[in-house]
Amino acid sequence: MARDRRDYYYRQAKEEGYRSRASFKLKQINERHHIINRGDSVVDLGAAPGGWLQVAKELSGGKVLGVDLQRIVPIEGVETIQGNINADSTIQKIIKTVGAKGADVVLCDAAPNLSGNWSYDHARSIELATSALECAKKILKPKGNFVVKVFQGDMFNDYMQKVRDNFVRTMAYSPKASRSQSAEIYVIGKKFLTAPLRKGDKFVVDIEKLGSSGDGAVLIEGFVVFVKEVEVGEKVRIKITDVKPNFAFADVAERLGKTEKPE
């Protein structure tokens, strides 16, 4: 506590009426990466005591919802749910509150109770962040944004890849308000993908037409995929190389011959 009293952001939080010094982390993340826009609906997972909820409400002015296993002391203009984000009943309550279209932004600044065993604490942090990601995938709007805190360690890169698989842009960021000795870092996903495919997926397709750029253009579950270096009439096995909100790119993994024409 003595260290906290000497901490600049701790003092600033007290002076400005925020519930925790973590409020300044979200402010700095948003200043740099523009996660929350005016009018956005925001869901904060693991929100107690509510420092991020206060900032989210200031930034968006829209619907803000906090979810936590603990009761969150009320904040004006903010709704709360006491529940487990892994439970279907909690997901249903979130959707009922923010609406069927989903939230514009999902945040999670939660951390596990520290044991002092770093490998264990890192694994618990990744587990918690994975739960937050799975929840976000169920409640985010298409092109929505996601921010989650994790502890750095040997499982970090695998977790980053999971986020990359679901967002157009992904980055890691450490705000100035994080303590210098802290191993925490924030993973940011921008523009949530709702496509029926992901990078690395493979499909067998018939090339029936070319797009304006000369690439093959095929539909997979109604989603446009552009395939490089193909000709009309080819049957190919493709591998998805990049996914955007409205289309994807693919390379040829195997040429399977010509498309069979009906007699």
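A Cβ is built for glycine as well, from the same backbone N, Cα and C atoms used for every other residue.
In Swiss-Prot this protein carries:
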type     : residues                           : note
BINDING  : Gly50, Trp52, Asp68, Asn84, Asp109 : S-adenosyl-L-methionine binding site
ACT_SITE : Lys149                             : active site, proton acceptor
DOMAIN   : 196-254                            : domain 'TRAM'
Q: Kindly report the helix/strand/coil residue split of the domain 'TRAM' (196-254) according to DSSP, in that order.
A: 0 helix, 34 strand, 25 coil
Q | Integer Å distance between the CA atoms belonging to Lys149 (active site, proton acceptor) and Trp52 (S-adenosyl-L-methionine binding site) | A | 12
Q.
Please report the Cα separation of Asp109 (S-adenosyl-L-methionine binding site) and the residue listed as 'active site, proton acceptor' in Å, rounded to an integer.
A. 5
Q: Please report how many Å separate the Cα atom of Asn84 (S-adenosyl-L-methionine binding site) from that of the residue listed as 'active site, proton acceptor', as a whole number.
A: 18
(Q) Return the residues near Asp68 (S-adenosyl-L-methionine binding site) by Cβ distance under 8 Å, restricted to its own chain and a separation of at least 6 in sequence. (A) Leu45, Gly46, Ala47, Ala48, Thr80, Gln82
Q) What is the total of other Cβ atoms whose distance to the Cβ of Asn84 (S-adenosyl-L-methionine binding site) is within 10 Å? A) 14
Q. Roughly how wide, in whole Å, is the group Gly50, Trp52, Asp68, Asn84, Asp109 that binds S-adenosyl-L-methionine, by largest Cα to Cα distance?
A. 18
Q. What does DSSP call Trp52 (S-adenosyl-L-methionine binding site) in the simple three-state scheme?
A. helix
Q | Where Asn84 (S-adenosyl-L-methionine binding site) sits in the secondary structure, as DSSP reduces it to three classes | A | coil
